[in-house]
Ligand code: HPA
Ligand SMILES: [Zn+2]
């Protein structure tokens, strides 16, 4: 084995920025298409993979929503989540806070209850089967209307005991967080936590709005905060977590090359940064693949990688005892020899 290969198992970590629909691998997509009689506009898996070349967020989203047509029954969602959890376990994930996009399914006639029940079946047995605890985060599509988000939240009310937080995703530019002030207030009143994608393609002002208008507990992506020193100081002072997704940022052209990624600058600025996979079936790797890539291309060392793993638990919605127990596992983890 070459000396550059890690010789210990992956660091224990939490994954906090993961769209379950973005874990749909071509193999499962074609299997579900056959099973459900859905015709995909690709001849085979290779033709589908060849379409995984994006010039920004929208070109990815077009394919991401198109491929979801294969997800129809509760069993499909169970299978999707099980496939993710099995891979996540191999990547050292001990806790996962998982996004789902109900409007992308209800718009196709799949009831929200089918989605939540299907996902829950896999998540409920995940501690036993995979040693992974989970939370579910219901995301609103920001390129749909504020009224539709309110209707979606109301349709989720019977299932709120299975939902930990609400989030905001899809096409960012032109759809600022303030558009969703009311639905986030409603979610908070119902006892949910709040997160939002901001500062991926959108400007720093969207991160300010996520904090001050939506009152988010975490910012998803947030990399463009570095364009605003006052914002960086605020995020660092309040230790507001940022769920950064390095391979996603390269694939969606937020940065040109991984070697240009601002993650080291974010750590140096004292930000509470975590590393995540976003849509791993599309972006070339699961979460430990992201850890490995930043180690290789950004030259991050053992202690920085451990900090990122500890941060993932600190930034999670686990209670203090759960967080501390998993942070202690990071501390006890044997060093990688590289
Ligand atoms: O990276 C993303 N950004 C915004 N919306 C998304 N929906 C899935 N992935 C993403
Ligand atoms: Zn995302």
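Glycine too: its Cβ is placed from the backbone N, Cα and C atoms.
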TrEMBL annotation, Zn(2+) site containing 17, 19, 197 - matching residue among 124, 268, 278: 278
Nearest-integer angstrom distance between the alpha carbons (Cα) of residue 200 (active site, proton donor) and residue 17 (Zn(2+) binding site): 13
Cβ-based neighbourhood (8 Å from the centroid) of the Zn(2+) site, residues 17, 19, 197, 278 excluded: 18, 22, 99, 169, 220, 221, 243, 245, 248, 276, 279
Local confidence of the domain 'Adenosine deaminase' (12-332) - pLDDT mean: 98
Neighbourhood of ligand 1 - recorded positions from 17, 19, 197, 221, 278, 279 with Cβ under 6 Å: 19, 197, 278, 279
